[in-house]
Ligand code: AP5
């Protein structure tokens, strides 16, 4: 199973990715967590992206595409994966498909967790990551509307988009996802 878990900040991507990773026994790959770990380790990549994350902007397509290609070629990703927060731009979506073609595989479903903006803000306010300050959060929600929501058309057109009500208890969200992909 190869799933994309997409949604706004605080929509529950990480929560659902963890559940689905356990359910299917496949790795959970979070681009946001990977970038935050690089920042915490003060690695060259971390230094390169820390300002971008702190502002709530998207990291460049070039860096993200290279990061994902490298990760998806690790042995544990051979039989499937849950990609949390990737892709976020139409270019990333296209490049992901081109890359998966070279591996003779494809995305099964892009799962979109739908929530009103006020619910996203409420949930993210309860966290304390470097990009959860009010200004960065506002920018992340703007970017979602400008760049990521238009990208959903890419998956909708290919009949691989599954829209899920993210504004319900976590186990109900998981049940709705599993019902939709079976
Ligand atoms: P990323 O880490 O993906 O940040 P995000 O989209 O802001 O998402 P969060 O991790 O904040 O939230 P989540 O949806 O995982 O929700 P969670 O399960 O934690 O990305 C961070 C940054 O990295 C980006 O801004 C960008 O700069 C960069 N980046 C990442 N990917 C990129 C890409 N592809 N291209 C370019 N740049 C990229 O839940 C949140 C809270 O809600 C928790 O407290 C949880 O307990 C609670 N909760 C979850 N589900 C429910 C529920 N059903 N009901 C009630 N509460 C719930």
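Numbering starts at 1 and runs along the chain as displayed.
Every residue gets a Cβ built from N, Cα and C, even glycine.
Because the structure is a prediction, the values reported are computed rather than measured.
A helical conformation is recorded for residue 14 (ATP binding site) in the three-state DSSP classification. According to TrEMBL, the feature ATP binding site maps to 10, 11, 12, 13, 14, 15, 127, 168.
What TrEMBL records for 31, 36, 57, 58, 59, 85, 86, 87, 88, 92, 140 is AMP binding site. Proximity of residue 88 (AMP binding site) to non-local residues of its own chain (separation of 6 or more, Cβ distance below 8 Å) is seen for 6, 58, 64, 143, 147, 148, 151, given in sequence order.
Residues 13-14, 17, 67-68, 71, 83-86, 88-89, 129-131, 133, 135-140, 143, 147 of the same chain lie 6 or more positions beyond the ends of the region 'NMP' (30-59) yet place their CB under 8 Å from a CB of it. Positions annotated as region 'NMP' by TrEMBL: 30-59.
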**Asked** Quick one: Cα separation, residue 15 (ATP binding site) versus residue 140 (AMP binding site), in Å?
**Response** 19
**Asked** Closest to residue 11 (ATP binding site): which of the binding-site residues 31, 59, 140, going by Cα position?
**Response** 140
**Message:** Helix, strand or coil by DSSP: which one applies to residue 57 (AMP binding site)?
**Reply:** coil
**Request:** Determine, from DSSP, whether residue 86 (AMP binding site) sits in helix, strand or coil.
**Result:** coil
**Request:** Drop a 10 Å sphere on every Cβ of the binding-site residues 11, 15, 31, 168 and tell me which sphere holds the fewest other Cβ atoms.
**Result:** 168
**Prompt:** Along the region 'NMP' (30-59), what average pLDDT does this model show?
**Reply:** 96
